[in-house]
Amino acid sequence: MLLIKNGRVMDPKSDLDQVCDVLVQDGKIIKIAPEIKEEGAEIIDATGLVVAPGLVDIHVHFREPGQTHKEDIHTGALAAAAGGFTTVVMMANTSPTISDVETLQEVLHSAAKEKINVKTVATITKNFNGQDLTDFKALLEAGAVGFSDDGIPLESSKVVKEAMEEAKKLNTFISLHEEDPGLNGILGFNENIAKEHFHICGATGVAEYAMMARDVMIAYATKAHVHIQHLSKEESVKVVEFAQRLGAQVTAEVAPQHFSKTEALLLTQGSNAKMNPPLRLESDRRAVIEGLKSGVITVIATDHAPHHADEKNVEDITKAPSGMTGLETSLSLGLTYLVEAGELSLMELLEKMTYNPAKLYNFEAGYLAENGPADITIFDAKVDRFVDSYFASKAANSPFIGETLKGQVKYTICKGQIVYQN
Ligand SMILES: [Zn+2]
């Protein structure tokens, strides 16, 4: 038995926000009350700390199979636990891609060994070919939780429509990375800084919001649910809002880097600040924050994208891969740039990192209640934390190294077990 004493227990589902004790047994929370006495229980003193549901991240790249020099499922799970996450959803752009039941089963076999809940989507099209749908039904039955070709946007509107219809039939949804290659330049650099500083044609806003506009309207017409991944432009927030007002079933996520920083970060942090979609303008950063506040964007997801230092440290930055390691800084970025900045309450931040993402996938996660899962994150919301280059992830490609942020995870508990302690 595990007894968490005197923490500020915060549950976005029930709106509980009260100093009390939490008693855990056999992977479940068995009691939440102001004063619990239990002989022989292991005690965690959570005085001054927040006791929240285990964080849920629906967008991570763990690189297994095929690119395990960057990350593997084990180190990805350790990074998740260190960041306070107890449930993650992997993307399927592995090598090979997760497009068939055999590859899916291999991945899930590896994932099942981890102490946190590691789930995965499968691809929408076979081997990311953008043309032929995978066998959604077979993949769902084999344990995939959803579908995405994240990394390679779907160019064919016909395929998008077919995928939405198939997903709807099976009571699931597809998730889309929206950057139309036909409207884009070199990825990872926002068009403004690309032109002014790097003298290249960069990643345009229209590539994102035009493709998104197409897809939310296909969702409207098919009455299917579509989830928009990591939106980054002011216009994109407006597109999602417009579709939601029309009655389309559209949900959206934003990555912490997009509400924290702008394209200028490339000038100081180089390739570690290169990502798809890229860091944008201050007006875009403001707009995604407004989208979080208004509820147009309901989910914060990291897009945890580890890369090896040798791959990032190439002479020509345009050749460096896009993406940043994100699991271990996500909570601190939310605390710093949303809560401390006065944009969201702590409860609203937690809702977007726990209950909302769990609800999107119908996971038994993301809340604290008696008889509920003992997936719990205990953190100090106020302490200053200097981000150094040590990560539990295999990768250290974070543009936040050297910055002092708010908040520190103290304990991550999953299925009643302490899986991380600081
Ligand atoms: Zn993506």
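Even glycines carry a Cβ here, placed using N, Cα and C.
For 50-419, the entry in TrEMBL reads domain 'Amidohydrolase-related'.
Per TrEMBL, the feature Zn(2+) 1 binding site maps to His59, His61, Asp150, Asp303. For His61 (Zn(2+) 1 binding site), the number of other Cβ atoms no farther than 10 Å from its own Cβ, over all displayed protein chains, is 25.
In sequence order, Glu71, Asp72, Ile73, Gly76, Ala77, Val88, Met90, Thr94, Val118, His304 constitute the residues six or more apart from Phe62 (substrate binding site) in its chain with CB-CB distances below 8 Å. Annotated substrate binding site per TrEMBL: His61, Phe62, Arg63, Asn93, Asn276, His307, in sequence order.
The Cβ of His177 (Zn(2+) 2 binding site) lies under 8 Å from the Cβ of Ser148, Asp149, Asp150, Gly151, Ile152, Pro153, Gln229, His230, Asn276, each on the same chain and at least six residues away in sequence. Taken from TrEMBL, the feature Zn(2+) 2 binding site applies to Asp150, His177, His230.
Other Cβ atoms within 10 Å of the Cβ of Asp303 (Zn(2+) 1 binding site), summed over all protein chains shown, number 27. The feature active site is assigned by TrEMBL to Asp303.
Its Cβ taken as reference, His230 (Zn(2+) 2 binding site) is surrounded by 25 other Cβ atoms within 10 Å in the chains shown.
Within its own chain, His307 (substrate binding site) has Lys70, Ala320, Pro321, Gly323, Ala395, Asn397 as residues 6 or more apart in sequence whose C-beta sits under 8 angstroms from its own. Cβ environment of His59 (Zn(2+) 1 binding site): Val89, Met91, Asp150, Gln229, His230, Glu253, Ala255, Ala301, Thr302, Asp303, His304 lie under 8 Å away, each six or more residues apart in the same chain.
Residues His177, taken from the binding-site residues His61, Arg63, Asn93, His177, His307, are distinguished by a CB atom under 6 angstroms from ligand 1. Residue environment of Asn93 (substrate binding site) contains 20 other Cβ atoms, counted within 10 Å of its Cβ in all protein chains.
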